[in-house]
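Engineer: According to TrEMBL, the protein carries these features:
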- ARG88, ARG132, ILE133, GLY134, THR135: phosphate binding site (BINDING)
- GLN211, ARG213: substrate binding site (BINDING)
- 48-298: domain 'Nucleoside phosphorylase' (DOMAIN)
Amino acid sequence: TLSTFLFWDSDFVRLSNPHLATMKEDVLYHFSLSTGTHDFPAMFGDVKFVCVGGSPSRMKAFIQYVAVELGLDVPGADYPNICVGTDRYAMFKVGPVLSVSHGMGIPSIAIMLHELIKLLYHARCSGVTIIRIGTSGGIGLEPGSVVITRQAVDPCFKPEFEQVVLGKRVVRSTHLDEPLMEELAQCSADLGEFPTVVGNTMCTLDFYEGQGRLDGALCSYAEKDKREYLNAAHAAGVRNIEMESSVFAAMCNACGLRAAVVCVTLLNRLEGDQISSPHEVLVEYQQRPQRLVGHFIKKRLSAA
C-alpha cells in the first residue's frame, strides 16, 4: 500500500503512528484542512522547504521575502493564508516553500507539528527540509547574533525532550541534522552580514522563572542563583534560550525530517532580563534568520 511504501522510502516523510492507516479521513483541525475536502498532493506535493516561526505576520513577511529572492514574486501578488478557516495558525506558500506560524511555547508548536508532518505525509512530499526561524535570548553573545543550533537541550542541559504519555515518562532524542547545520553556517559565512555561531539551544517551558529572569510576577531565587545558572548553561555549550527547539527537534527526528533551528538573539542574558532595544533595531534583528534561510534555499535550488 501507499502507506507502507512511504514508511520504507527514507526520502519521504514518515509517520510513527500505525493507527492512521485505518482512518478514511484525517481532519487537521487546527489548520482547518482535511484529506476529505482538500487535495493535499495537489496543494503541497511540491514542497521541499518548510520554515516555521512564532508569529503569523513574521511568517507572511518571510514568504514575501522568499518569493522575491527566488524570482517567483509577481507585482501586486498576495499570499493568502491557507489556514483561513482558523485563527490558531497561519500558513503561506510560494513555489516549493511553505511558511507556517507555530505560536509560542512547546505545547503550541507540538500541536502544529503533528498536523504539519501529517500534511506533508498525505501530500506525499519527499526530500523535505524543515527549519525553525525565530528569536531568543543569548548567553554571552551580542544582541543581533544568530545561533544555529547544534543540540536542543532541556533546562538541565540534557539533549532530550521529556513528555508524559498515558501517565508514563517518555524521553525522545533532540538530535538535529549535522550536515544541514554546517551548510547553514557556510551560508552565513557566504553572506557575511551578521555574527553567527553554532551552539546549543536551551528550551524552557516558560519565559520568566524557567529562564532565570528576575522580572516576572513570581521569582523564587536570588540574582546570584540566576548568574550561577546562566554561567553553568554557558559552560555546557548553551548559547541561546527559547521555548520550542526541543520538541521541534524530537518530532522531526522521529519522523525522519532533516531539521535545523536558526534564531537571532535579542539580548545578552548575562547582562539583563528585559528587551530594551528600539523597535526598528529588533525588526532588523528578526530579519536576520530570514535572510540566512532565504539564502540557503536559493543556494540549494540553484544547485539542484
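Every residue, even glycine, has its Cβ placed from backbone N, Cα and C.
Burial and contacts for the listed features, if you can.
Structural biologist: The Cβ of GLY134 (phosphate binding site) has 25 neighbouring Cβ atoms from other residues within 10 Å, across all protein chains displayed.
Same-chain residues at least 6 positions away in sequence with a Cβ under 8 Å from that of ARG213 (substrate binding site) are, in sequence order, PHE207, CYS219, LYS226, ASP273.
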Engineer: List the Cα distance (Å, whole number) between ARG88 (phosphate binding site) and GLN211 (substrate binding site).
Structural biologist: 26
Engineer: So the record assigns ARG88, ARG132, ILE133, GLY134, THR135 to phosphate. If I measure every Cα pair among those residues, what is the longest distance in angstrom, as a whole number?
Structural biologist: 20
Engineer: I'd like to know which of the binding-site residues ARG88, ARG132 has the most other Cβ atoms within 10 Å of its Cβ.
Structural biologist: ARG132
Engineer: Around THR135 (phosphate binding site), which residues of its chain at least 6 apart sit with Cβ under 8 Å of its Cβ?
Structural biologist: GLY54, GLU242, CYS263, VAL264, THR265, LEU266, TYR285, GLN286
Engineer: By Cβ count within 10 Å, point out the most packed of the binding-site residues listed: ILE133, GLN211.
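Structural biologist: Counting Cβ neighbours within 10 Å, the top one is ILE133.
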Engineer: Could you state the whole-number distance in Å separating the C-alpha atoms of ARG132 (phosphate binding site) and GLN211 (substrate binding site)?
Structural biologist: 20
